[in-house]
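J.: Attaching a single structure in structure tokens format; questions to follow.
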Amino acid sequence: MSTIGAVDILNQKTITSEVAASVTSKYLQSTFSKGNTSHIEDKRFIHVSSRSHSRFTSTPITPNEILSLKFHVSGSSMAYSRMDGSLTVWFIKDASFDKSVEVYIPDCCGSDKLATDLSWNPTSLNQIAVVSNSSEISLLLINEKSLTASKLRTLSLGSKTKVNTCLYDPLGNWLLAATKSEKIYLFDVKKDHSSVCSLNISDISQEDNDVVYSLAWSNGGSHIFIGFKSGYLAILKAKHGILEVCTKIKAHTGPITEIKMDPWGRNFITGSIDGNCYVWNMKSLCCELIINDLNSAVTTLDVCHLGKILGICTEDEMVYFYDLNSGNLLHSKSLANYKTDPVLKFYPDKSWYIMSGKNDTLSNHFVKNEKNLITYWKDMFDNTMIEKRRKNNGGGNNHNKRTSKNTDRIGKDRPSRFNSKK
């Protein structure tokens, strides 16, 4: 497992690949510090905290795993469903979540039903599609002021259909839904979510009785990527409400548990129960990078908004952060004592992320006042240069004026100092 070596960051005046990797590694380490980590104090956190601090409770805390966690594309809100049937929505106001608004919906799909998946409508700040392994897709409207959810409408697909996955395309034109092994469905969002197309799973996969394990849209919403239990990857073209199979690849030797797009459209990434992650070139569909040193099944993965960090969760309760460009390991974290199913999700507009806490709680990881890696490096460099000049000038009272002038000059020189080599 290749790791990032030490680089003297502060003596570098351009961002080379080595400097970028070192900055990223340092940034990730800082996100685990106490000052840059905050608990998301939802209903689950309150329950766990009250049980943990009670002297009169000896029974174990009942698990309540996260089933699906999604950010709105704007980064202004996120939603997640749990095994108890609840849906929690946060309208995010700050890094620590202290001022954020929580909307809690118990039994969001009705009693005895679980919200197996959810997806934000990217063209609306408060509309979510939810599925529950049933014949219905619920379109919910979340009200931030009244802290309630109302059902806009229900999409029905026939009594024997069991839809367990749904996904809006990035432009908000289409809603995709899928059962495990029967069909995928396409809805036209602009035409009141009318059903326009369906396709049998047997017509997509190479294997008989195959099962859908993962879905993803391309960044432009023109193609659909489907990962199967067999390890096959199918790519479909979506145009004018018609789905057409373009490519089938035997991508993995086990089920493909996750598919993610590089935000720049260069690559897509697949993770599998076979313990491997592959980075594929979007144009050639050739595998460009293999991460095969995880030693455990990949349960989920995500990519940061800059396309620099690949986060991977594995079945043995580990979280890994890799450099997506080089495949080198940047940082890792064991969740072995957390008693939780690992969860990792990057914000869509910054280098912060949400990760599993103990007993199925969630924690927010960030660096204060730093929304991405570039500003993190620039501010670190600036502060160090100012401190060096202050020390060189003696730092005494007799030199206050000269220090002030030097500081001003740093501000003027700054643009030329950060001309990066690409």
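From the backbone N, Cα and C atoms, a Cβ is placed for every residue, glycine too.
Remember, predicted model here, so these are calculated numbers, not experimental data.
Feature annotation from Swiss-Prot assigns repeat 'WD 1' to 61-100. According to Swiss-Prot, the feature repeat 'WD 2' maps to 158-197. Feature annotation from Swiss-Prot assigns repeat 'WD 3' to 207-246. The repeat 'WD 4' annotation in Swiss-Prot covers 251-290. The annotation repeat 'WD 5' is assigned in Swiss-Prot to 293-332. Per Swiss-Prot, the feature region 'Disordered' maps to 388-422. Taken from Swiss-Prot, the feature compositional bias 'Basic and acidic residues' covers 405-416.
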J.: Checking distant contacts: for the repeat 'WD 4' (251-290), what same-chain residues at least six beyond its ends satisfy Cβ-Cβ under 8 A?
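T.: For the repeat 'WD 4' (251-290), the nonlocal Cβ contacts are 211, 213-220, 225, 227-233, 235, 296-303, 305-307, 310, 312, 314-315, 322, 324, 327.
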J.: Just give the helix, strand and coil counts over the repeat 'WD 4' (251-290), going by DSSP.
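T.: Helix, strand and coil residues of the repeat 'WD 4' (251-290) number 0 helix, 21 strand, 19 coil.
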J.: Which bits of the chain, at least 6 residues beyond where the repeat 'WD 2' (158-197) starts or stops, bring a Cβ under 8 A of a Cβ in it?
T.: 73, 116-124, 129-137, 139, 204, 209-212, 215-217, 219-221, 224, 226, 238, 241-243
J.: Per DSSP, what is the residue count of the repeat 'WD 3' (207-246) in each of helix, strand and coil?
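T.: Secondary-structure composition of the repeat 'WD 3' (207-246): 0 helix, 25 strand, 15 coil.
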